[in-house]
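Student: The following feature annotations were taken from Swiss-Prot:
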type	residues	note
TRANSIT	1-90	transit peptide
BINDING	K91, G94, S123	ATP binding site
BINDING	E207	substrate binding site
DOMAIN	405-483	domain 'ACT 1'
BINDING	Q413, G415, V431, D432, S437	L-lysine binding site
BINDING	S430, S452, R453	S-adenosyl-L-methionine binding site
DOMAIN	484-560	domain 'ACT 2'
Amino acid sequence: MAATRVRCCHSNAAFTRLPLTRHRNSPTLPISLNRVDFPTLKKLSLPIGDGSSIRKVSGSGSRNIVRAVLEEKKTEAITEVDEKGITCVMKFGGSSVASAERMKEVADLILTFPEESPVIVLSAMGKTTNNLLLAGEKAVSCGVSNASEIEELSIIKELHIRTVKELNIDPSVILTYLEELEQLLKGIAMMKELTLRTRDYLVSFGECLSTRIFAAYLNTIGVKARQYDAFEIGFITTDDFTNGDILEATYPAVAKRLYDDWMHDPAVPIVTGFLGKGWKTGAVTTLGRGGSDLTATTIGKALGLKEIQVWKDVDGVLTCDPTIYKRATPVPYLTFDEAAELAYFGAQVLHPQSMRPAREGEIPVRVKNSYNPKAPGTIITKTRDMTKSILTSIVLKRNVTMLDIASTRMLGQVGFLAKVFSIFEELGISVDVVATSEVSISLTLDPSKLWSRELIQQELDHVVEELEKIAVVNLLKGRAIISLIGNVQHSSLILERAFHVLYTKGVNVQMISQGASKVNISFIVNEAEAEGCVQALHKSFFESGDLSELLIQPRLGNGSPVRTLQVEN
């Protein structure tokens, strides 16, 4: 049956009614210039505008999906009309699928939620990404004849072949990929270089292998599953290899592929995390370390799902890194802004960009522990009750380089800051924290954007060389950023307590910055002193009974408290 297209004479809106696969009595779509109402579909209404078209597509059984397609912007919003069909995303990290036994446990965990029909996003098996990178670096200098003998290649092969055998699945699902991996390493050895583009293709083998193994295992235990490579189902990124940004065209492409496959042949989608495809080159790209979280939230937004679950090896987001301080405790609630700041300033639980799709789609993110699924975890939403806690977490970012840039020409000069930051833009270096005065700028550089020890030094030398053309530059290595995340609108009292703690430890704060989002305050200190600072701050902010006084003290007209907070030595 051909589709019928009707154009409304009062606007540019075009409406397409597609033939329905199961429901013959399709409701008439009452058209207005601003909204389209679906009275028989649980009173669902979708706003539209000029240049929009509305399509109603029915799925299998009683399930319906409504799609509002914005033709001009090439974006698509999808709303579930009833509770059946794909319901949530479950993302599992590398430690959660590090062995055959762990994969069995993850499969059992998924089956404990029979009411859910999830999309599963997987990382590479534990330590595989690191081994792939090491193998690539060794291949550059080992020679073609020795590429097959690289230790990390043998470790990768042994792990995946052993896992396949223990899960009792056909080894052919991975053998082709292991052979292709070996040939790639020989190619790197022949060329004697590992470009960013090749590096991304190399590390993609980790997720491609883990998802194929897990999908095959689910099928052997009677759970119908289908494997997907993210770069083949519509994950479109910039061509910034090793750190691609997901483009808006990803959302309708991913939604169409996953929903179309589900409607024709329902099966649990098993999707590679971390990967995409460059929009110009068509080459495999990666989303940066921890990018599987971003894959999960992108799918959640694309499909308009009710929840995104990120399963880790810790009981949710913690008040600090438990390897620094063992008395760290789970944070029950976070806002998207707080979670984004936590991730950006060093918390390893989430990818820095992963909150953006969830925030835009207003989809809750639940961080859970795959080793301890009964733990409540952390729920991340748009807002939370700010009266429940002042701070949510203390984050440490190590290996930070600090730059002091001073110039009397900066005083009253228009465009000086633009010149400084254009240098970083040209060199592709990200800046973390910035503080300015009349004649100087202090800033820190993001270490995650610097590749190796050799490149770090080369890039830093180049930065200093360029900056010295316009200012006096002092480069300070071995620094760390300590960030206090939470409701920092009470910043004066938080600073009072924090500085008292650092003063009693004899620590000199070299720089301080407060984010415009009002959810973080950051201090720069010597890295050697950083862990002790985190421990002392945690004791003061999370283990002191008088912290709640910050919330209940009467305030003066300027917002200041009537009395200062008593701090124990």
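Using the three backbone atoms N, Cα and C, a Cβ is placed for every residue, glycine included.
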Student: Among all chains shown, work out which of the binding-site residues S123, Q413, S430, S437 has the most CB atoms within 10 A of its CB.
Tutor: S123
Student: Could you state the whole-number distance in Å separating the C-alpha atoms of S437 (L-lysine binding site) and K91 (ATP binding site)?
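Tutor: Given the Cα positions, S437 (L-lysine binding site) is 44 Å from K91 (ATP binding site).
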Student: I'd like the Cβ neighbour count for D432 (L-lysine binding site), meaning other Cβ atoms within 10 Å of its Cβ, all protein chains included.
Tutor: 23
Student: Which residue counts does DSSP give the domain 'ACT 1' (405-483) for helix, strand and coil?
Tutor: 33 helix, 26 strand, 20 coil
Student: Below 8 Å Cβ to Cβ and six or more residues apart, same chain only. Which residues does that give for G415 (L-lysine binding site)?
Tutor: none
Student: What subset of the binding-site residues K91, G94, Q413, V431 lies within 10 angstroms of the residue listed as 'substrate binding site' at the C-alpha level?
Tutor: G94
Student: In Å, how long is the longest CA to CA span across K91, G94, S123, which the record gives as the ATP binders?
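Tutor: Taking every pair of listed residues, the largest Cα separation comes to 10 Å.
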Student: Using C-alpha atoms only, work out the spacing between K91 (ATP binding site) and S430 (S-adenosyl-L-methionine binding site) and round it to an integer in Å.
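Tutor: For K91 (ATP binding site) versus S430 (S-adenosyl-L-methionine binding site), the Cα atoms are 28 Å apart.
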Student: Taking the domain 'ACT 1' (405-483) alone, what is its mean pLDDT?
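Tutor: Residues in the domain 'ACT 1' (405-483) carry a mean pLDDT of 82 in this prediction.
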Student: Beyond the listed site residues K91, G94, S123, identify every same-chain residue whose Cβ lies within 8 Å of the center of their Cβ atoms for the ATP site.
Tutor: F92, G93, S95, S96, V97, V121, L122, A124, G273, F274, S292
Student: Would you mind reading off the Cα separation of S123 (ATP binding site) from V431 (L-lysine binding site), to the nearest angstrom?
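Tutor: For S123 (ATP binding site) versus V431 (L-lysine binding site), the Cα atoms are 28 Å apart.
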Student: In Å, rounded, how far does the Cα of V431 (L-lysine binding site) sit from the Cα of G94 (ATP binding site)?
Tutor: 29
Student: For S123 (ATP binding site), just give me the three-state DSSP call.
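Tutor: DSSP call for S123 (ATP binding site): coil, neither helix nor strand.
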Student: So the record assigns Q413, G415, V431, D432, S437 to L-lysine. If I measure every Cα pair among those residues, what is the longest distance in angstrom, as a whole number?
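Tutor: With Q413, G415, V431, D432, S437 as the binding residues for L-lysine, the largest Cα distance is 24 Å.
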Student: Reported as an integer number of Å, what is the Cα distance between D432 (L-lysine binding site) and G94 (ATP binding site)?
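Tutor: Per the Cα atoms, D432 (L-lysine binding site) and G94 (ATP binding site) stand 27 Å apart.
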